[in-house]
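Visitor: Below is the structure I would like to discuss, written out as structure tokens.
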């Protein structure tokens with residue numbers, strides 16, 4: 001898809017500022033991944049600076065992986081300000097059903113912020129859609145019909161829904177894109193799920209010029225990650241060298257190679 | 001020791017969920033290390049979700065490396081719930097004698113939680129045993145008679161004691177295992193001590209079937225780290241490539257190679 | 001410069017303890033970088049232990065990258081105690097003008113602690129000097145006359161000022177050193193700016209014997225980073241392998257190779 005190559009070229013040229021209020025476990029990897037892909041990451045935490053920090057941003061990524069009451073407050077303030085300014089908001093509801101605290105976090109964020117995109121695994125999106133929590137810790141298993149779940153959840157929640165798994169699914173309630181590719185070694189590196197969300201943030205950045213739909217932009221980010229993961233796998237011995245090579249491949253990817261042929265359905 | 005190979009095979013099959021309330025410096029490395037070794041890591045921080053989060057876990061790792069009053073509260077709540085449910089609790093008393101805050105943290109955790117295993121360097125275990133703090137920052141020097149210290153501290157504290165150093169020592173107050181191996185370059189990568197504790201958590205996971213004693217399981221984890229460190233050292237130029245290679249070797253280790261011959265005494 | 005080789009040998013021998021109150025994004029990288037270069041890192045966060053923790057340190061590094069009201073309190077307490085004990089304090093005013101919270105943090109730290117060294121990019125130092133904030137997020141652009149800015153800011157603030165950029169500038173208000181070298185791929189790895197500050201902390205450690213001026217010690221740290229970055233670039237494919245190689249090169253650097261010829265002006 002030629003428009004995706006143009007989008008990636010524009011990312012590399014404009015280096016959009018992707019602001020994160022995110023978990024403590026993977027923030028370093030997210031920052032390095034955004035830099036490697038061509039963006040400019042920013043992380044801030046405290047609600048006192050939440051509104052000011054988001055003002056310079058081209059997209060806002062919210063991730064509840066190690067959420068606390070204070071960070072919920074920061075996320076709501078930043079999210080509302082972002083929406084007011086037309087800055088896209090992308091939510092990763094990590095472990096959504098694990099605790100009342102996380103349930104409260106996602107409910108407040110969905111109701112008060114209404115994120116443009118919500119990106120999670122099947123267990124997390126199922127929980128947001130129907131309230132059932134079948135997850136184990138923060139890593140959810142793949143369900144058989146993610147396409148359908150994405151479609152229904154998007155209709156109900158009014159956000160573009162992304163479900164990551166062996167095969168990813170993206171829907172806005174009408175359009176639905178299934179993305180294949182990547183490699184299972186991704187599941188041996190912490191934060192690759194979180195990074196999917198961050199990379200979608202980068203592809204959604206407001207400063208970019210494109211005629212692509214939201215679904216296509218999100219699917220484009222997942223395609224980039226899939227291609228780079230396959231290339232990194234080919235030159236690595238295990239998850240340590242894979243993570244290193246993944247950052248290299250994100251940096252090295254030629255925009256012309258961001259090809260969806262045989263990947264989207 | 002054949003039972004250790006069986007245990008590692010069981011880890012790879014069941015992917016036990018190792019929950020952490022741990023420090024901010026090394027949490028990414030711990031999560032990647034647990035994934036590479038075959039487990040499933042989880043990190044949560046806040047006391048509001050401490051009891052819920054631990055319920056899905058197969059082991060709980062507590063680490064006071066960047067402790068705060070709120071995280072002590074979370075650790076005590078999670079630790080008590082874990083003990084109630086029969087989930088093994090492993091404590092790493094990082095820099096135990098450095099401040100009153102850390103002293104308070106370890107005292108509360110020892111008294112109220114009574115961890116199954118306490119894993120630290122000689123300075124930290126000495127402090128827990130006798131109240132003296134000879135540590136420099138958070139890195140303690142090796143003492144000459146760690147075997148004896150482990151034995152006495154285990155008797156006094158009622159936990160399995162692990163002392164990491166050039167030679168590791170494990171004791172439950174009766175049995176005592178000294179483990180040799182590893183490589184000094186481990187001390188040039190932050191979090192390898194914390195990771196010893198996490199890996200012990202993985203080997204102690206409640207979901208695993210084994211006839212091994214607690215001491216043997218803990219010693220098995222340290223043996224795995226030692227073997228993988230030696231292999232990683234052989235293919236790396238310095239601490240950067242060593243850390244990367246260590247994650248690869250944890251992932252690649254054939255359970256049959258988890259051999260204690262010439263390592264335990 | 002022969003004295004720099006002697007200084008690095010002394011670092012490797014004494015392994016000075018560099019205490020950090022720093023941001024959550026890059027703390028793992030800073031700890032690994034300090035270890036690789038030959039020092040001993042320590043991180044603690046909470047104000048309750050701020051004064052005790054700093055007492056064992058040879059230098060104190062303060063970084064406001066993910067600052068919160070509680071960490072400002074910890075930084076002020078630790079900073080004042082450090083100055084009282086003659087322990088050098090190095091401040092990195094990350095994103096200084098981004099929010100009122102950060103403005104308050106740097107004002108309190110400059111007024112109440114009076115850091116020995118302040119190390120930032122041109123946007124951050126301009127803000128401290130004149131109150132104007134032209135930064136984009138936390139990454140500032142290079143200005144044309146950093147030498148002059150460093151000189152004036154040092155006079156006004158009474159600290160040694162370090163401005164990092166394509167060419168670094170160090171001044172105490174009289175002496176001024178411009179340092180060339182390094183590689184632009186440094187800007188594709190998060191925390192390399194923070195690490196400049198940490199490495200300056202290591203070169204400033206109170207336990208080291210040297211006749212070098214503060215400016216020369218700071219410039220020496222930046223020279224070490226520049227040389228190691230160039231060597232790492234030569235053996236890496238992208239930012240992932242570069243970061244790994246950089247840690248290796250910091251560890252491998254022969255003190256005799258810490259050569260300023262053609263680098264300082």
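Quick reminder: no glycine exception, Cβ is built from N, Cα and C everywhere.
What you see is a predicted model, and the numbers here were worked out from it, not measured in a lab.
As annotated in TrEMBL:
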BINDING   C:43, C:191  substrate binding site
BINDING   C:119, C:164  ATP binding site
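Map these features onto the structure and tell me what's around them.
Guide: Residues within less than 8 Å, Cβ to Cβ, of residue C:191 (substrate binding site) and separated from it by at least 6 positions along the same chain comprise C:25, C:26, C:29, C:30.
Counting every protein chain shown, 28 other Cβ atoms lie within 10 Å of the Cβ of residue C:164 (ATP binding site).
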Visitor: Rank the binding-site residues C:43, C:119 by the number of other Cβ atoms within 10 Å of each Cβ, and give the residue at the low end.
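Guide: Taking C:43, C:119 as the binding-site residues, the minimal 10 Å Cβ count falls on C:43.
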Visitor: Under 8 Å Cβ-Cβ to anything in chain B: which of these binding-site residues pass, C:43, C:119, C:164, C:191?
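Guide: Among the binding-site residues C:43, C:119, C:164, C:191, the ones whose Cβ sits under 8 Å from a Cβ of chain B are C:43.
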Visitor: To the nearest whole angstrom, state the Cα distance for the pair residue C:119 (ATP binding site) and residue C:43 (substrate binding site).
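Guide: About 19 Å separates the two Cα atoms.
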Visitor: Please report how many Å separate the Cα atom of residue C:43 (substrate binding site) from that of residue C:164 (ATP binding site), as a whole number.
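Guide: Spelling it out, the Cα of residue C:43 (substrate binding site) and the Cα of residue C:164 (ATP binding site) are 24 Å apart.
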Visitor: Through the lens of DSSP with three states only, how would you label residue C:191 (substrate binding site)?
Guide: coil
